[in-house]
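Per TrEMBL, the feature signal peptide maps to 1-21. Taken from TrEMBL, the feature domain 'Pirin N-terminal' covers 70-166. The annotation Fe cation binding site is assigned in TrEMBL to HIS102, HIS104, HIS146, GLU148. The feature domain 'Pirin C-terminal' is assigned by TrEMBL to 223-332.
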Amino acid sequence: MFIKLASRLLIASAFPTLVPARLTSNSFHCAPPSAFPYFAQELNMTTSFSRSVVQKVLSVEKAEGAGAIVRRSIGTNSLSDLSPFLLLDHFDISPGAGFPDHPHRGQSTVTFMLEGSFQHEDSEGHRGIIGPGDLQWMIAGRGIIHAEVPVHGNGAPNPKGLQLWVDLPKEHKMAKPSYQELKAEEIPSAFPDGPDGPTEIKLISGKSYGVESPVRPLGGCWYMHIRMKTKGASMFQDLPEGWNSFLYTLKGSVLVNPSSGSKPHGPYHTLVLSKQAGENGVAIEATEDNTEFVLISGEPLKQQVVKYGPFVLSSRAELEQAFVDYQTGQNGFEKARTWKSEIGHPKA
């Protein structure tokens, strides 16, 4: 797709030294958002080339946890992984269901709430409630045990949201666990057409239209929650070249790279995007009012993935050691034998 930016060309010629830079960091495997400055988009580019959909996967319902039902796309036979992404669950938790005490090692879990509320408690002492629009980014590292329990009652809706698993670089899989939580009002928004326009981009992580998220987790990625209020609303989002990227549709329907003659994509589909040389972003158009989706992008990890249940390592030996450590209470699982969550074991 070609989008002419004549006015930006004039500005770019006046500032020829302002070019995009690819930075590296020991704290991030995925390049920090500053590696792709907004001003590089505004000042240096004359033409934008959109990615297209190369794979479409319908999220299928499956049982998970204690009576919970989730729609899963990444992490199924149709899309076993999309490095660095390991799993994507769209959950809707009914009363009595949930995710009692369970361990993790070797990945980050990113929970974004759409409706309702969820309680969280872990073996590192973190505890809280995340509500609509809130974010929880937990880096399991060498080992953590936690519980996730829905909040019901007083006419509250079932908790609905997304949980994404992001692989950690091999050298950071045994990092100390950490936890970051943001309330909805702390997550910044970008407005491609201004605050009164039809499109709002919530920057869970990454950068868009000059707005940058405060989230800086180890093994991070770009994660955007996008709402388009009216049919015909459109946007172009820059994406780092070569990164794996996808959309997950929640409501309404979208066209990806609309000038290519693509067809609309409805709810509950994961749309994997192409990453050809020169494709510097993605053009998206709503084909229905009140369209909603997430756009996620991350740098592929050049490492083996060996996983079983909640453990994600880089070799079979490391995976076997994770089970030994959890069973014997060592190397990050020292509390495995003694810790029990209060929310997962309520008093009678």
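For all residues, glycine too, the Cβ spot is worked out from N, Cα and C.
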Fewest other C-beta atoms within 10 angstroms, as judged across HIS102, HIS104, HIS146, which are the binding-site residues: HIS102
Residue distribution over DSSP helix, strand and coil in the domain 'Pirin C-terminal' (223-332): 16 helix, 48 strand, 46 coil
Assigned element (helix, strand, coil) containing HIS146 (Fe cation binding site), judged by DSSP: strand
Environment of HIS102, HIS104, HIS146, GLU148, the listed Fe cation site - residues of the same chain whose CB lies within 8 A of the CB centroid: PHE99, ASP101, PRO103, THR109, ASP122, ILE144, ILE145, ALA147, PRO310
In the chain carrying GLU148 (Fe cation binding site), residues 6 or more apart in sequence that have Cβ under 8 angstroms from it: GLY65, GLY98, PHE99, THR111, PHE118, GLN119, HIS120
PLDDT averaged over every residue in the domain 'Pirin C-terminal' (223-332): 97
Per DSSP, three-state class assigned to HIS102 (Fe cation binding site): strand
Secondary structure content of the domain 'Pirin N-terminal' (70-166), with strand meaning DSSP E or B: 0 helix, 61 strand, 36 coil
